[in-house]
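Chemist: Pulled these from TrEMBL:
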- A:313-480: domain 'Helicase ATP-binding' (DOMAIN)
- A:Cys543, A:Cys546, A:Cys583, A:Cys586: Zn(2+) 1 binding site (BINDING)
- A:Cys552, A:Cys555, A:Cys570, A:Cys573: Zn(2+) 2 binding site (BINDING)
- A:578-738: domain 'Helicase C-terminal' (DOMAIN)
Amino acid sequence: MNKSSSEPLFAYSSVEERTFFVDLILPIPVPRLFTYRVQREMNGLIKIGARVIVPFGKSRVMTAVVASLHNQPPQNYQARYVLELLDEYPLVTGYQLQLFDWMSTYYMCCVGEVLNVALPSGLKITSQSKVQYNPDFDYPELLTEQEAALIDELRKQPALSYEEVGRLVGEINVPTLIKSLVGKRAVIVFDEVKEKYVPKMVRKVRLNPRFEDPEELVALIHRLEKLPKQQEVVMRYLSHVPLQRSPALNQIGLDKTLLNKDDELSSSSLATLIKNGVFDTFELIQPRFSQTFAPQGEIKLTSAQQAASDQVMGHFADKDIVLFHGITGSGKTEVYIDLIQKVLAGGSQVLYLLPEIALTTQIVVRLQKVFGDKMGIYHSKFSDNERVEVWKGIVSGQYQFVVGVRSAVFLPFDNLGLIIVDEEHETSYKQHDPAPRYHARDVAMMMAHWQQAKVLLGSATPSMESYYQAKQGRYGLVELFQRYGDANLPFISLIDVKKERHQKTMKNEFSSVLYQALSDNLERGEQSILFQNRRGYSPYIQCEDCEWIGQCPNCAVSLTYHQRAAELRCHYCGHKELVPKLCPVCGSTKVKTVGYGTEKLEDQLQILFPDARIQRMDLDTTRAKNAYQQIIQEFETGNVDILVGTQMITKGLDFGNVSLVGIFDADRIIHFPEFRATERAFQMMTQVSGRAGRRADRQGRVLIQTANPTQAVLAKIIDNDYHALYSDEIVERQNFNYPPFSRLIKLTVRHTDQRISKRAADKLRLDLADKLGDERVLGPEEPLVERVRNQFLFDILIKLEREKINFKAVKAFIQECITNILTDKGLRQVSIVIDVDCL
DNA sequence: AGCACGCCGACT
DNA sequence: GTCGGCGTGCTC
């Protein structure tokens with residue numbers, strides 16, 4: 001039966017007949033590669049970086065990427081065969097493989113985990129098991145009633161997936177049922193492997209080629225004289241495709257939808273014409289970004305921008321990385337465009353990274369105007385197929401330039417000349433949740449280094465890390481302090497809410513000053529933005545009689561009250577519950593909301609300014625696919641007077657008519673319990689302030705509500721004095737040995753039993769401190785929220801000075817300590833999350 | 001990760 | 001007596 005096993009052994013000894021093996025990266029969190037055999041007929045075809053399909057374990061089929069080819073059979077086991085080769089040409093470049101490898105060591109995770117986030121899921125493969133009736137089956141008496149019914153159904157159909165079987169038999173255990181049937185040899189199970197990526201097709205029509213002859217065409221039109229509807233369809237086609245001028249245009253044809261768009265009559269006429277052979281139909285793969293933008297002319301740089309661009313180029317002569325510090329509104333984008341054009345003209349590729357939220361906005365439109373459809377966009381709100389198209393477009397050379405989010409650092413560039421990391425300080429560049437917990441800025445630098453590309457970091461408020469490197473001379477530094485078109489910097493003032501509360505001049509959360517400013521703005525028909533970095537109605541509800549507070553059953557946080565949805569929600573695990581009418585503890589009716597979020601502000605505003613058009617923008621209002629852009633557009637067109645929002649309103653929005661920005665709860669931002677709090681506060685408030693007065697004709701106003709106007713950061717924010725912030729903050733960092741003077745690695749121990757969690761964390765700390773020393777290992781400490789999804793957490797922070805440390809050895813040691821915990825009988829069920837360079 | 005194997009409780 | 005819970009270990 002098995003042909004290969006009956007082949008004589010000596011057949012293999014003939015000259016070049018070596019059996020090849022491949023080492024594969026599988027998209028699973030197992031810290032090693034897997035060796036497979038390659039069928040002889042695949043020998044010359046399989047290449048490093050190509051995808052293959054392989055059997056894995058007892059019942060799985062997976063896509064993997066070839067990491068290496070060799071001919072050393074494994075020592076202790078029999079390698080299995082590669083089932084299929086998916087790519088004739090490598091889909092993953094050598095640089096990417098190098099990157100995967102580097103990331104897995106640097107961020108202490110498995111290559112498989114890296115592969116998992118690197119590859120858009122459209123390039124992975126789903127294997128679906130299908131069930132088929134076994135035609136040789138002849139013992140129906142063995143079957144239960146239910147099985148017999150299913151077999152009857154299966155006889156009528158070619159093959160069913162598990163889900164389809166499930167639908168047929170109802171809510172029962174499908175795998176068990178099928179297993180039983182397989183045992184009785186009534187059915188056969190097989191795997192159908194299919195690519196998830198489906199190219200988008202357009203249905204097109206064109207005239208039958210014989211009508212490309214003008215005489216035939218004229219004759220046709222005459223013939224249709226008595227069939228006016230059909231004639232009209234032909235005429236409409238000709239108006240879109242002027243055959244008279246060039247018969248060749250017929251080959252390109254016309255979208256079918258364009259011919260029968262408005263009425264059913266024309267579509268039935270078209271159908272007749274197709275049936276009679278007047279029109280031919282055909283299908284074409286449509287590139288997804290084909291809005292054929294004609295690149296629109298040159299952009300004009302101001303002299304300051306031109307100077308900045310020249311300085312950047314100058315630094316690139318001897319520095320690989322340049323930090324571009326340009327205040328908000330200084331027009332950094334134009335400088336980027338100038339540089340991108342230069343690099344593209346030199347024949348190299350360019351990657352432009354933006355934080356998630358900033359990417360949906362005007363910047364992309366602006367870039368698209370300049371670069372047209374030569375520019376790829378890589379964004380998580382795009383469908384997977386679109387991501388695959390960008391990936392393939394880079395491999396094929398269609399895209400030389402891509403704008404993208406964090407994960408765009410994984411794209412298969414092989415000739416990068418420049419990577420721009422815009423809003424370099426943004427924390428969303430750091431991936432938090434699934435491993436690899438990478439920082440896209442740092443990964444980009446690594447990639448650039450290998451490809452000898454330059455990196456440009458841009459920010460109005462650079463991270464301490466980057467600015468320090470620049471000051472040390474490791475990065476080039478270019479600073480631009482002039483606002484574009486001479487727009488004035490906004491005038492920032494502080495409002496003492498403590499005083500106002502005392503004087504009883506507050507209207508709910510609004511100080512009289514802010515209230516007055518808002519109402520003036522409304523009168524003038526100018527727009528305002530209000531910033532409160534907290535969504536929901538209020539952060540918690542409390543019983544006034546017994547002080548009970550609504551808590552999440554799974555996490556150690558209070559539940560946020562969402563009035564619109566009339567429910568309490570946990571912002572950590574997503575738990576939802578109804579709002580209790582009475583206090584669940586004492587039965588009191590005095591359950592009150594405490595504190596305020598965007599939803600409450602929106603509410604209060606509506607009461608204070610009944611005629612104002614108010615829009616809220618936060619996670620809750622932007623969940624739907626295009627909601628974000630819709631809100632922005634509404635605001636841009638002036639259909640909204642006041643925009644209330646969280647973080648997301650701070651990013652790169654550029655509105656001409658905003659002359660007032662109000663910031664709530666500055667104190668909570670400043671006193672966030674974290675060593676970066678001051679830096680964050682400065683960045684956040686400066687960023688929002690930048691939304692005000694982006695025009696030359698008037699100065700914008702920013703009002704910050706605080707209970708303590710004397711706080712040092714506030715003065716720096718008012719003066720827009722980044723340098724003062726830097727020089728004060730860097731001293732703090734040095735004193736307490738925080739980044740950029742050290743590197744941090746955070747280990748989080750998790751378990752459902754708090755005692756086990758604590759024991760594991762204590763032991764881990766002890767093991768680590770044994771070699772690293774007490775001063776380098778901090779904790780274990782309960783994080784701010786010590787319980788999430790019913791798991792108890794403990795953090796251990798490892799602080800490593802930058803000089804004289806062998807990081808590789810230290811990481812190996814940390815890994816060893818973790819393995820040590822995970823092999824301990826009593827503690828092995830804990831999970832330990834490693835976060836290198838945690839923020 | 002996912003899946004099979006294996007060893008203990010509450011049900012027909 | 002079985003079904004099914006999830007602890008443990010392995011996957012080339």
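Note that Cβ sites are derived from N, Cα and C of the backbone, with glycine treated the same way.
Please treat TrEMBL annotations as automatic predictions, because they have not gone through curation.
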Chemist: Quick one: mean pLDDT on the domain 'Helicase C-terminal' (A:578-738)?
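Modeler: Here the predicted model's pLDDT, averaged over the domain 'Helicase C-terminal' (A:578-738), is 89.
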Chemist: Select the closest residue to A:Cys586 (Zn(2+) 1 binding site) from the following binding-site residues, measuring between CA atoms: A:Cys552, A:Cys570, A:Cys573.
Modeler: A:Cys552
Chemist: Can you list, in sequence order, the residues of the same chain other than A:Cys552, A:Cys555, A:Cys570, A:Cys573 whose CB lies within 8 Å of the CB centroid of the Zn(2+) 2 site?
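Modeler: In sequence order, the nearby non-listed residues are A:Pro553, A:Asn554, A:Val557, A:Leu559, A:His571, A:Tyr572, A:Gly574, A:His575, A:Val788, A:Arg789.
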Chemist: Which has the fewest other Cβ atoms within 10 Å: A:Cys546, A:Cys583, the binding-site residues listed?
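Modeler: The binding-site residues A:Cys546, A:Cys583 were compared, and A:Cys546 has the fewest Cβ atoms within 10 Å.
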Chemist: If the Zn(2+) 1 site is taken as the center of the Cβ atoms of A:Cys543, A:Cys546, A:Cys583, A:Cys586, which further residues of that chain fall within 8 Å of it by their Cβ?
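Modeler: Leaving out the recorded residues gives A:Glu544, A:Asp545, A:Glu547, A:Trp548, A:Pro584, A:Val585, A:Gly587, A:Ser588, A:Lys590, A:Val591.
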Chemist: Given the binding-site residues A:Cys552, A:Cys555, A:Cys570, which one's Cα is the least distant from that of A:Cys546 (Zn(2+) 1 binding site)?
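Modeler: Sorting the binding-site residues by distance from A:Cys546 (Zn(2+) 1 binding site), the top entry is A:Cys552.
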Chemist: Fewest neighbouring Cβ atoms within 10 Å: which of the binding-site residues A:Cys552, A:Cys555?
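Modeler: Output over binding-site residues A:Cys552, A:Cys555: least Cβ neighbours within 10 Å is A:Cys555.
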Chemist: Relative to the Cα of A:Cys543 (Zn(2+) 1 binding site), which of the binding-site residues A:Cys552, A:Cys555, A:Cys570, A:Cys573 has the closest Cα?
Modeler: A:Cys552
Chemist: With a 10 Å radius around each C-beta, find which of these binding-site residues (A:Cys543, A:Cys570, A:Cys573) has the fewest other C-beta atoms nearby.
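Modeler: Counting other Cβ atoms within 10 Å of each of the binding-site residues A:Cys543, A:Cys570, A:Cys573 gives the minimum at A:Cys573.
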Chemist: Nearest by CA distance to A:Cys583 (Zn(2+) 1 binding site): which of the binding-site residues is it, out of A:Cys552, A:Cys555, A:Cys570, A:Cys573?
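Modeler: Closest by Cα distance to A:Cys583 (Zn(2+) 1 binding site) among the binding-site residues A:Cys552, A:Cys555, A:Cys570, A:Cys573: A:Cys552.
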Chemist: What is the total of other Cβ atoms whose distance to the Cβ of A:Cys586 (Zn(2+) 1 binding site) is within 10 Å?
Modeler: 12
